[in-house]
Amino acid sequence: MCSLGLFPPPPPRGQVTLYEHNNELVTGNSYESPPPDFRGQWINLPVLHLTKDPLKAPGRLDHGTRTAFIHHREQVWKRCINVWHDVGLFGVLNEIANSEEEVFEWVKTACSWALALCGRASSLHGSLFPHLSLRSEDLIAEFAQVTNWSSCCLRVFAWHPHTNKFAVALLDDSIRVYNANSTIVPSLKHRLQRNVAALAWKPLSASVLAVACQSCILIWTLDPTSLSTRPSSGCAQVLSHPGHTPVTSLAWAPNGGWLLSASPVDAVILVWDVSTETCVPLPWFRGGGVTNLLWSPDGSKVLATTPSAVFRVWEAQMWTCEAWPTLSGRCQTGCWSPDGNRLLFTVLGEALIYSLSFPERCGTGKGHVGGAKSATIVADLSETTIQTPDGEERLGGEAHSMVWDPSGERLAVLMKGNPQVQDGNPVILLFRTRNSPVFELLPCGIIQGEPGAQAQLITFHPSFNKGALLSVCWSTGRITHIPLYFVNAQFPRFSPVLGRAQEPPAGGGGSIHEVPLFTETSPTSAPWDPLPGQSSAQPHSPHSHL
């Protein structure tokens with residue numbers, strides 16, 4: 001089992017992590033371009049430093065025009081209709097109970113009794129699921145994979161699965177799309193785009209972006225050849241379902257066929273067919289909501305975490321699930337191995353990393369998840385004291401988020417801020433991992449940013465062919481991309497897998513660069529290469545029964 005006592009000391013104060021070479025993290029006084037030996041392997045990504053000052057938070061403001069008109073007392077039935085659309089049944093009962101002389105006394109009394117009963121039922125339900133008493137903004141902040149979601153200027157970050165393009169959701173609920181091959185930065189805004197909690201690019205598609213919002217899901221379709229920096233709201237498709245708000249998690253199937261959505265206040269997972277704007281709810285037998293969804297890279301399983309001390313794994317053929325209860329709290333974060341046969345996760349309140357294996361079944365057990373009965377501990381993140389050039393420092397605590405690079409050889413863990421550790425700043429731990437023949441988890445180093453900058457979000461580039469590329473969003477508004485140069489032990493030239501590996505089609509398949517949907521990038525700028533002497537396999541489309 002790996003422990004923090006095996007980690008090398010953190011970089012000296014004032015130093016920033018630049019890249020990894022020869023299994024060691026290289027630091028410098030400031031962010032700079034890679035050394036000449038590595039510049040041929042670098043991606044020309046934009047340098048971003050988005051400050052918080054020009055951004056406002058419209059999600060917390062009233063966008064209505066009600067304040068622009070002189071107050072007029074409407075009839076009670078009109079007020080009830082307005083309240084029904086804004087609040088629901090509880091608001092209608094409250095409006096009638098507090099009306100003056102517009103309704104019969106017995107109607108007001110009945111509504112008052114109904115309000116009291118609703119209050120008792122809500123109190124009982126809230127005692128079972130305390131998170132349901134939180135506001136929408138607080139719900140999102142509680143379960144977001146970014147630290148300090150409420151006030152950070154960079155709320156969500158999402159790489160495109162196939163190109164050097166990423167989207168960033170900002171504090172003002174706008175979304176900017178950056179492309180390494182273009183200087184045009186589209187800014188996406190929509191009247192329903194409030195409290196953005198998640199972004200998800202559609203696989204095998206050039207420019208379809210799903211956005212999880214306060215009251216709906218927006219599907220933006222962007223023209224890669226357009227020169228416009230403000231796409232029309234007509235480019236956005238609206239998906240909504242009663243009771244499914246706020247939407248906090250989205251997950252596309254690796255073949256792009258289905259979109260899953262989840263909300264902490266809704267006990268069901270919705271499986272969307274975006275083309276027809278229809279959805280099918282996955283059966284759920286316990287309330288409490290779903291906080292996070294994560295599809296395995298092979299498309300066979302889906303991790304669904306909940307606000308309670310249990311998480312579920314669904315299999316994507318017959319859509320059955322298995323549940324794993326935890327002892328101390330809910331599942332905080334998780335990530336899949338590239339082959340989908342191992343799940344790493346952490347539990348709220350514990351400084352441990354668990355591993356859950358899913359042995360691959362060869363033609364048997366279809367319709368069953370088939371995971372191990374219990375998880376094993378693979379890393380202990382408990383606080384410990386390490387020696388540094390500046391003296392002794394404490395390191396460790398709970399993990400906030402965790403990401404595994406697509407090659408399966410680097411694992412990054414974003415720790416929660418602790419006043420007794422690193423002056424309360426979140427720390428990024430980097431591990432070396434290996435899945436075969438046995439699972440190994442070894443310490444690599446500690447990633448450090450500029451003085452005063454706190455790491456808030458981490459993610460890996462999905463198709464960096466020289467090792468791994470870790471993107472970090474900092475509290476200062478800076479987005480840094482840290483290359484981790486290594487030779488993939490399994491594939492010397494990394495080739496991403498869009499599902500289970502398959503034999504090339506009869507007659508030979510074309511290179512993935514020749515797929516028409518990736519016209520926005522030139523072949524020379526593609527971030528991966530096929531294996532030498534081998535054409536890329538066609539993506540696998542798992543057949544699902546809903």
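Quick reminder: no glycine exception, Cβ is built from N, Cα and C everywhere.
Taken from Swiss-Prot, the feature compositional bias 'Low complexity' covers 534-546.
Look at CYS2 (N-acetylcysteine): DSSP puts it in a strand. Swiss-Prot lists CYS2 with the feature N-acetylcysteine, giving similarity to another entry as the kind of evidence.
Annotated phosphoserine per Swiss-Prot: SER33 (among others), in sequence order, evidence recorded as similarity to another entry.
Annotated phosphoserine per Swiss-Prot: SER495 (among others), in sequence order, evidence recorded as a large-scale study or a structure entry.
Taken from Swiss-Prot, the feature phosphoserine covers SER511 (among others).
Per Swiss-Prot, phosphoserine is recorded for SER522 (among others), and the stated evidence type is a large-scale study or a structure entry.
The phosphoserine annotation in Swiss-Prot covers SER525 (among others).
The phosphoserine annotation in Swiss-Prot covers SER541 (among others) and is backed by a large-scale study or a structure entry.
Among the features that Swiss-Prot reports, region 'Disordered' is placed at 500-546.
Break the repeat 'WD 4' (285-324) down by DSSP state and the numbers are 0 helix, 19 strand, 21 coil. Summarising the annotation, Swiss-Prot assigns repeat 'WD 4' to 285-324.
Residue environment of CYS2 (N-acetylcysteine) contains 20 other Cβ atoms, counted within 10 Å of its Cβ in all protein chains.
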